[in-house]
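Encoded as structure tokens, the structure appears first; notes follow it.
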Amino acid sequence: MVLRETDLIPIYQHLHQIPEIGLQEHETQAYLLSIIGKMPQDWLTIKTIPTLDTAILVKVSGLKHDYRIGYRTDIDALPVTENTGLPFASTHPGVMHACGHDIHMSVALGILSYFAENRPATDMVFMFQPAEENASGGQRLYESGALTGDWMPDEIFAFHDNPNLPTGAIGCRMGTLFAGTCEIHAHLSGKSGHAAYPHQANDMVVAGAALVSQLQTIVARNVDPIQSGVVTLGHFTAGTIGNVIAGEAQIDGTIRALTQEMNMHIQRRVRTITEGIALAYDCNIDLKLNQGGYYPVENNDAITADFIKYMQDDDDVNFIETKPAMTGEDFGYLIHQIPGTMFWLGVDSPYSLHSENMVPHTAAIMSGVDAMTGFLTHRNALHK
Ligand SMILES: CC(=O)N[C@@H](CCC[C@H](N)C(=O)O)C(=O)O
């Protein structure tokens, strides 16, 4: 049975209720397998990966086997406590599909169910990929070796939901769609002591505050204003109580840049400034910069031109040309290995991605399924 709105909305609601952090998506995987298992299996092959044990790959054997089209969805959620008040809110305390990967999975199931009933002209590989948010799932999937041989796509597609676009709209652009990211983790160690004797201690609140301030000069002073970059430090903890000088601090953040060169440039400045602060404040700073394959998502020219033309020509699609975004995606790793296109699907929410209030409009699910079923059929036909 091809999954349509009356099937996909309850599936979406169930997935929304069982969000799991990256690499722990066991309940999600079991549920996805139960849905995929009910599709006709005549030309489907399902594969799991021992070294990435929450992932699922599904190959759709087409009428011909000399070309393979890849379609990827991410399946993980975020450590966010849901505050939507939805009747189908998260049942997993402190975890929420606040980035809409439940929408991504529902659309992927809808598309897969279509091709399970309607044999495509060429082979297809559907990837249900863990750990987009925090643990380099795209890179792990590629490096697991599971995509080698007749599982390796020749081209690849994925989307991310977008609260700023009208429900069901498809957004895309030539070139870079998403920034490359790099996580910053800095642990500062000095000497704790009594608040009344600062000269006998080495205060990590002060050193940490200086580090935060100095890192914030990078974009203002070291990034070509014609280009762009972001340094956000979203986490800073230090100390325990007001009258004890803190001997430890932890600062975590993220770098964003639209080119890998700029990302590397900002990483170098973070390193140099951190070394300077350690020297100036006579402390130890253990700095870890972790890019983890979150490269800029650079859309392939030929495939993306075809994607945009198809969507513009389809009267049922509201196509919007979008600007590059500073959000990151581990699809950046996959698209560096396999040419393809990433795009946005509008879900029109007043709350941003990662907000505890984010509620995507579920009408977007069928818009995504229909647009991509049509487009993938078109791409298949180019290779028959
Ligand atoms: C779509 C989205 O929100 N993706 C995440 C990717 C995070 C990458 C990495 N963990 C980092 O924080 O740099 C995003 O925050 O953009």
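Including glycine, each Cβ sits where the backbone N, Cα and C put it.
Source: prediction; values computed, not measured.
Listed in TrEMBL:
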ACT_SITE  Asp74  active site
ACT_SITE  Glu133  active site, proton acceptor
BINDING   Cys99, His101, Glu133, His160, His354  Mn(2+) binding site
DOMAIN    180-276  domain 'Peptidase M20 dimerisation'
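Mapped onto DSSP helix, strand and coil, the domain 'Peptidase M20 dimerisation' (180-276) counts 38 helix, 36 strand, 23 coil. Spacing of Glu133 (active site, proton acceptor) relative to His101 (Mn(2+) binding site) is 10 Å (Cα to Cα, whole number). Apart from Cys99, His101, Glu133, His160, His354, the Mn(2+) site neighbourhood in this chain, defined by C-beta within 8 angstroms of the site C-beta centre, holds Asp74, Asp76, Ala77, Leu78, His97, Ala98, Gly100, Glu132, Leu353. Once Cβ contacts within 10 Å are tallied over all protein chains shown, the active-site residues Asp74, Glu133 are led by Asp74.
On a Cα basis, the residue listed as 'active site' lies 9 Å away from His160 (Mn(2+) binding site). Shown are the binding-site residues His101, His160, His354; of these, the residue with the fewest other Cβ atoms within 10 Å is His354. Counted within 10 Å of its Cβ, the other Cβ atoms near Cys99 (Mn(2+) binding site) come to 25, all protein chains included.
In this structure the alpha carbons, written CA, of Asp74 (active site) and His101 (Mn(2+) binding site) are 6 Å apart.
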